[in-house]
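Student: Reproduced below are the annotations present in TrEMBL:
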DISULFID  51-62  disulfide bond
DOMAIN    129-227  domain 'Calcineurin-like phosphoesterase'
BINDING   135, 137, 208, 299  Zn(2+) 1 binding site
DISULFID  150-155  disulfide bond
DISULFID  156-179  disulfide bond
BINDING   208, 263, 297  Zn(2+) 2 binding site
DISULFID  227-271  disulfide bond
DOMAIN    325-436  domain 'Sphingomyelin phosphodiesterase C-terminal'
DISULFID  423-427  disulfide bond
């Protein structure tokens, strides 16, 4: 996604500096290249040339990404004449070197400020089971034994350079490189789940069906989670967070418990800072009824602990990441199977199920050998998954190198390509910091 952000940034700056502003009507700009400023075709040609010359991507990818997204960018530029390069940089790149200082993007959500109405959490001797599947990333163009090293955002696809015969070919069941899921691998996950788990109460699917072929994606990309329309409509797009705050308030009044399903984890770098801040504020206000959150997106086996204060002394909520069915990139496929209290909907434990992609591809004429890689309580020697236990687990990671190494292996779902990279205890500490989510400078504090 770094390539996409840089390319969007370059596109916006190029267009913003080419007199394509409110001086021209979008339709006239498209139809009349003789008007003041550059025509859309001129801009497209120049940007494709720049993208290709800088070797940001292959000519095919540069052409596809720019062709798909340029109309959106022109519309935003034409409709927002006061849009500045600083704002564009702040939204798309958002870093200490490129801060977002435009107050229009510093919005807030109206969150009920009344005291929480607590519900006495009654435990039950009965449980329900929830299956979480996420990030399938099905690629209809996947080609077993095709080119796994194509120098494009997604490889292993039909017609993508010559089929590679140098030992770097795409595996039958998937590939550790920049490759998504063939259809038979998607079906295999579902077949295994049906055969292995007879008592599923609910299925939680947390997003990402399409492949990473961003240069061939249709206009529907605008309703995907990477929404560049924030430059056009920055304030709580479509009232999403306000809706969440209102629904949680109603649930509190009705004395109901809640699970939140979302694609992006709240602490992920793809979350815009203001959005993350308001989301965490909502979670902290209604933490007493939010029994768990379930996310995807990162393709990693991880969790995030959300804190209600800046000093990281008290956990407010937990977000469990489902990992991914896709092996993109350098991970094994997985799904999770949760045991949930039937009355208060607390997560009692979960199992992580995976298979070794290397072994599956060696024995490609057989179905992959799925196995339970661990139960969270057993793996980390926990009596329960209460916030106190998870807080103790987090601090134990800091001092127990063996435990940290175990978390590191599970993070990549035991995939050899990731685990062969050298990473000492200091390196692994980064993964501990990624667990922590709050409203303060937790990354800086954790690193120090």
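Glycine too: its Cβ is placed from the backbone N, Cα and C atoms.
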Student: Per DSSP, what is the residue tally for the domain 'Sphingomyelin phosphodiesterase C-terminal' (325-436) in helix, strand and coil?
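Tutor: The domain 'Sphingomyelin phosphodiesterase C-terminal' (325-436) comes out at 47 helix, 22 strand, 43 coil.
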Student: Closest to residue 299 (Zn(2+) 1 binding site): which of the disulfide-bonded residues 62, 155, 156, 179, 271, going by Cα position?
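Tutor: Of all the candidates listed, 179 is nearest in space.
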Student: Fewest other Cβ atoms within 10 Å: which of the disulfide-bonded residues 150, 155, 156 wins that one? Let me know.
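Tutor: Lowest Cβ count within 10 Å among the disulfide-bonded residues (150, 155, 156) is 150.
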Student: Fill in the CA-CA distance, residue 150 (disulfide bond) to residue 263 (Zn(2+) 2 binding site), as an integer in Å.
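Tutor: Checking the Cα atoms of residue 150 (disulfide bond) and residue 263 (Zn(2+) 2 binding site) gives a distance of 28 Å.
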Student: Between C-alpha atoms, which of these disulfide-bonded residues comes nearest to residue 135 (Zn(2+) 1 binding site): 51, 62, 155, 179?
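Tutor: Nearest listed residue in space: 179.
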Student: Taking each of 51, 155, 208 in turn, which of these recorded positions have a Cα lying within 10 angstroms of the Cα of residue 263 (Zn(2+) 2 binding site)?
Tutor: 208
Student: Please report the distance from the Cα of residue 208 (Zn(2+) 1 binding site) to the Cα of residue 297 (Zn(2+) 2 binding site), rounded to the nearest angstrom.
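Tutor: Residue 208 (Zn(2+) 1 binding site) to residue 297 (Zn(2+) 2 binding site), Cα-Cα distance: 7 Å.
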Student: Fewest other C-beta atoms within 10 angstroms of its own C-beta: which of the disulfide-bonded residues 62, 179, 423, 427 fits that?
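Tutor: Fewest other Cβ atoms within 10 Å, among the disulfide-bonded residues 62, 179, 423, 427, is found for 427.
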Student: Count, for each of the binding-site residues 137, 263, 297, 299, the other C-beta atoms lying within 10 angstroms of its own C-beta, and report the residue with the smallest count.
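Tutor: Selected from the binding-site residues 137, 263, 297, 299 on minimum Cβ neighbours within 10 Å: 263.
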Student: Check each residue in the chain of residue 271 (disulfide bond) that is at least six apart in sequence and keep those whose C-beta is under 8 Å from its C-beta; list them in sequence order.
Tutor: 264, 265, 279
Student: Give me the CA-CA distance between residue 137 (Zn(2+) 1 binding site) and residue 51 (disulfide bond), in Å, as a whole number.
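Tutor: Cα of residue 137 (Zn(2+) 1 binding site) to Cα of residue 51 (disulfide bond) measures 26 Å after rounding.
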